[in-house]
Amino acid sequence: MPSSLPTMILKHLADFKPQAATRAWASIPNPNNLPLIATATSDKSVRVYSLSNFTLHSKLEGGHERSVRSAAWKPGVRKDGALTLATGGFDTMMTIATGSFDATMGVWRRKEEQKNTIEDGPLELEIGADGRPNKGPSLRRGGDDGSDEDEGDDWEFSIVLEGHDSEIKHVAYSPSGQWLASCSRDKTIWIWEEIGDEGEDEFETVAVLQDHTADVKCVCWRKDDGNGEVLASGSYDDTILLSKEDGEGDWETIAKLEGHDGTVWSLDWEPDVSIKSDSSEESSVPPTPRLLSSSADMTVRIWSKMPTPPPQNKPSYFNAGIPSTMRPGPVNETWECTATLPKVHDLPVYSINWSKYSGRIVSTGGDGRVAIYEERTKGRNTVGGTIEKEWVVLTVLEGAHGPYEVNHVTWCMRYDNGKKKPDEEMIITTGDDGLTKAWFIEEDIEESKVEA
């Protein structure tokens, strides 16, 4: 019902300064509720910007010989409800992994004496039940322009991880921080585990996945739902593969998702807020998160796991009394495309992101458009039947970076002084023009005009 749709527009909030002089690939918000975002660029560096004032906080450079295509923050460590990031322990040091076209992955750490602080004390955030900080953090300020006075000296290039034969396209930490995955033009996915004692920077290759038949463009982790963390990967071979550890140290492909007619550029797992709103209160079985994908075929799709009926002679993995670590899992899962979002893009859709707060989806691509979608309830066709839902387009922004392609888009919490409510989100875009831009959402435009 179009009349019930909110009238909203995306408005430019700020450009992050200083911008890169060359192509900017992706901007990744800090997952530990710190007001920082890391932008990977083709000038061989990563710029860490402040989300509070949109200026440079620090810079990672000198570790790669070619373009840095991807960056990933290591998740923080939760202790008794607190997310502690700077208390002196190795696991609490800020860490960023970078993937480069030079075929190497780098691991960078924030030096001990220059960790984020509130005044002179450690930065410790109390995390509420909704995953948000009870008190917003503030970062040590640098120069008068808001940048870090010790730029270039505050991140240590700790270790180089080698193994790929060609350009690394994407890197990602698992939600637990246990695994670090990288994918490459060489058609492989490498999975690493940090095994050294505190501060030793020792990594071990635990798996090399070779089931894709072409360039692997992206990887995305699903958090452990009791059956282990799952890695989704998208490729130039037009397919999506799901892989997981079998409980004995071996990694295997558990599902192959087919349906796209072009390169799979981006993936994202459904957040908890969307799962809860979509699940039945009567069901005792937690639903499996859906998977979001975008492609060169100009579509954005949602995939769902199909129920697998237990066989007549139930194997041990159906016995809930046996710990999951002792039960072999089923080899294959069946996934189907259960929704295709309304068509917005005329060129490849390079990036998508599913908001963990609102459940809305944002997409962008080669046509420079940024689109926001929302899932709506349609109702039931029959009494007592299944509730039907549909995805609608809330707004489309044309030419977000002028004539340039937009390579990446992400939802991000607002930390600047202009936010109007504590849980307000903004959208960050990253483009071929070297710019990283922040956008805010203005809703109910017509209604606000009437009230004025």
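Each residue, glycine too, has its Cβ placed from N, Cα and C.
Look at Swiss-Prot and you will find 112-153 tagged as region 'Disordered'.
If you look up Swiss-Prot, you'll see 20-59 marked as repeat 'WD 1'. Here the repeat 'WD 1' (20-59) returns a mean pLDDT of 96 for the predicted model.
Residues or ranges marked as repeat 'WD 2' in Swiss-Prot: 63-118.
Beyond the ends of the repeat 'WD 3' (163-202), by six or more residues, the same chain brings 66, 69-75, 77, 89-91, 97-105, 107, 208-210, 212-224, 229, 231, 233, 235, 243, 251 to within a C-beta distance below 8 angstroms of the stretch. Positions annotated as repeat 'WD 3' by Swiss-Prot: 163-202.
Note on the repeat 'WD 4' (211-253): DSSP counts are 0 helix, 22 strand, 21 coil. As annotated by Swiss-Prot, repeat 'WD 4' applies to 211-253.
Annotation comment: Swiss-Prot describes 259-313 as repeat 'WD 5'.
Look at Swiss-Prot and you will find 344-383 tagged as repeat 'WD 6'. Shown for the repeat 'WD 6' (344-383): DSSP residue counts in helix, strand and coil, namely 0 helix, 22 strand, 18 coil.
Per Swiss-Prot, repeat 'WD 7' is recorded for 405-449. Long-range neighbours of the repeat 'WD 7' (405-449) within the same chain, counting only residues 6 or more positions beyond its ends whose Cβ lies under 8 Å from a Cβ of the stretch, are 6-16, 19-29, 33, 35, 37, 39, 41, 47, 49, 51-54, 132, 136, 347, 350-358, 360, 362-366, 368-370, 372, 395, 397.
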Secondary structure content, the repeat 'WD 7' (405-449) (per DSSP, counts of residues): 5 helix, 23 strand, 17 coil
Helix, strand and coil counts within the repeat 'WD 1' (20-59) (DSSP): 0 helix, 22 strand, 18 coil
